[in-house]
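Q: Got a structure here, written out as structure tokens. Questions coming.
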Amino acid sequence: MWATSRLLVNYPEPYRSQILDYLFKPNFGASLHILKVEIGGDGQTTDGTEPSHMHYALDENYFRGYEWWLMKEAKKRNPNIILMGLPWSFPGWLGKGFNWPYVNLQLTAYYITTWIVGAKQHHDLDIDYIGIWNERSFDINYIKVLRKMLNDQGLHQVKIIASDNLWEPISTSILFDPELFKVVDVIGAHYPGTRTVKDAVLTEKKLWSSEDFSTVNSDLGAGCWGRILNQNYINGFMTSSIAWNLVASYYPQLPYGRCGLMTAQEPWSGHYQVDSPIWVSAHTTQFTQPGWYYLKTVGHLEKGGSYVALTDGLGNLTIIIETMSHKHSMCIRPFLPYFNVSHQLAHFTLKGSFSEIPELQVWYTKLGTPSEKYLFQQLDSIWLLDSGSNFTLELEEDELFTLTTLTSGRKGSYPPPPPSKPFPHSYKEDFNVDYPFFSEAPNFADQTGVFEYFMNIEDPGEHRFTLRQVLNQRPITWAADASSTISIIGDYTWSNLTIKCDVYIETPERGGVFIAGRVNKGGILIRSARGIFFWIFSNGTYRVTGDLAGWLVYAMGHADVTAKEWYTLTLTIKGHLSSGMLNGRPLWRKVHTSFPKNGWAAIGTHSFAFAQFDNFHVEASH
């Protein structure tokens with residue numbers, strides 16, 4: 001989602017399956033109830049681009065990217081997991097020249113509907129919820145058109161969530177428009193700070209925090225997640241909280257590094273970390289299920305913290321108590337007003353049918369200094385028959401307790417994964433994959449444009465299998481995509497390196513490609529990326545620039561280059577000096593650069609135009 005699972009797919013087994021188990025396997029780790037995925041739209045969505053199933057008007061392919069794979073892996077582990085899709089960007093052809101997805105409502109609704117139908121047809125995946133446009137405007141007529149098209153396709157069971165932004169203006173719109181009221185099933189807000197608004201409650205729709213958390217997965221992030229999992233319901237009546245993001249599987253220097261429930265950003269070593277937000281999730285997810293409901297008795301504790309209680313209506317009871325302090329539970333947004341939490345005794349009484357419960361299992365977490373740290377430990381049960389269904393808990397700050405009738409809770413574990421290692425300093429990729437399982441080459445993280453494995457039917461020679469930039473127009477963007485396409489790879493700390501790559505420009509006259517080193521920015525900041533960029537153009541020129549935008553020109557001149565020919569580019573960067581070769585012969589040398597000092601390697605094209613890359617090779621020495 002948001003290109004955040006990019007590095008997960010090329011983890012070696014058994015580690016990849018272990019990571020997926022910690023996320024999705026019931027009664028093992030986070031045991032997630034819901035998986036929300038991005039409907040790839042070819043545009044930058046925070047930490048990279050995700051490919052669309054329709055790059056062009058007559059193009060349909062339901063095997064691009066990794067979201068199909070991720071949904072199937074989740075379903076394999078938990079057949080009951082709820083699936084939800086939401087677009088961020090859209091392929092450019094939907095906009096008919098405008099950066100706007102609502103130019104032709106029927107066409108955009110058709111595009112989204114094909115994704116849902118394709119999920120079922122090609123992957124046997126049933127999408128449960130569909131969103132409108134992430135954190136951007138909604139169009140009331142589009143929502144109605146989408147509902148009608150879903151119904152016409154027999155997809156009555158697919159529910160609509162709107163608008164994945166703020167509570168307003170969607171809540172008021174729903175109250176004032178009876179037809180819109182009929183077609184929206186859930187109101188989803190982002191980073192609501194545990195609060196809702198009056199009009200949202202008045203709609204009597206389900207209210208969800210459909211994107212939340214987004215905080216570094218240290219104990220601070222775990223505290224944030226523990227607090228809002230309870231208080232999103234207590235303060236804001238929200239019955240679902242969805243964490244951005246699932247797993248931090250993207251280069252850590254991209255925006256919001258390590259803001260996943262766990263960390264898996266080293267497929268080359270197999271190393272991953274099961275971070276504390278996984279176990280905070282387990283306190284709720286392992287002891288409740290979709291369809292359970294909150295009791296009326298939920299609320300805040302006298303000296304800080306909160307408690308919720310849920311039941312399946314069949315006699316089971318789960319109580320979750322959190323005492324996260326202000327200092328150790330600040331989410332990245334919104335602002336959190338000060339509150340105090342201190343040591344206290346909390347008294348509970350079970351009444352009605354719950355008074356017959358003989359025993360409650362106890363699961364406990366203490367966040368904070370490592371010496372005191374307990375993560376999801378099972379403690380002795382509480383026996384209730386002798387105590388008249390009363391019990392008292394002693395609570396300190398930064399604790400979580402789950403008390404439950406369920407005996408299925410489990411702290412899953414695997415032997416430790418391999419130790420952490422940096423990205424290999426010598427790296428070669430020839431893209432010679434006959435039938436690639438994934439459309440994208442391992443470790444390349446597209447930041448503008450889409451780079452896919454490609455087979456040249458006409459070229460039986462050494463360039464039969466290549467990597468191709470496949471967008472021929474700018475997408476309907478969600479973020480500020482660059483004007484040039486770019487895919488980054490490697491270790492951000494690389495400084496001295498040689499990058500060599502075969503390149504093929506497909507566009508005569510106006511085409512251009514580059515290789516680059518020390519690229520210092522990515523994700524939503526990609527437009528302002530600096531580095532050392534070596535470009536060649538099909539009009540017979542070359543350039544060396546200090547930025548992706550091409551404003552800082554260090555050198556330029558004539559090069560014997562034309563479209564539809566293969567060339568080998570070599571870029572060597574050492575200290576303050578860089579030099580470049582074309583087909584093994586020096587083209588420019590000793591260009592002086594002082595900034596940036598380090599960054600990723602990269603390949604890309606001058607504009608949204610087809611080009612191919614082959615035999616990528618980098619040698620780095622820090």
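Any Cβ shown, glycine's included, is placed from N, Cα and C.
As annotated by TrEMBL, domain 'Glycosyl hydrolase family 59 catalytic' applies to 3-286. As annotated by TrEMBL, active site, proton donor/acceptor applies to Glu135. Marked as active site, nucleophile by TrEMBL: Glu211. Annotation comment: TrEMBL describes 294-409 as domain 'Glycosyl hydrolase family 59 central'. For 446-620, the entry in TrEMBL reads domain 'Glycosyl hydrolase family 59 C-terminal lectin'.
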Q: For the active-site residues Glu135, Glu211, which Cβ has the most other Cβ atoms within 10 Å, all shown protein chains included?
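A: Neighbour-count leader: Glu211.
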Q: Would you kindly give the Cα-Cα distance separating the residue listed as 'active site, nucleophile' and Glu135 (active site, proton donor/acceptor), rounded to the nearest Å?
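A: Cα-Cα, rounded: 10 Å.
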Q: DSSP says what for the domain 'Glycosyl hydrolase family 59 central' (294-409): how many helix, strand, coil residues?
A: 11 helix, 51 strand, 54 coil
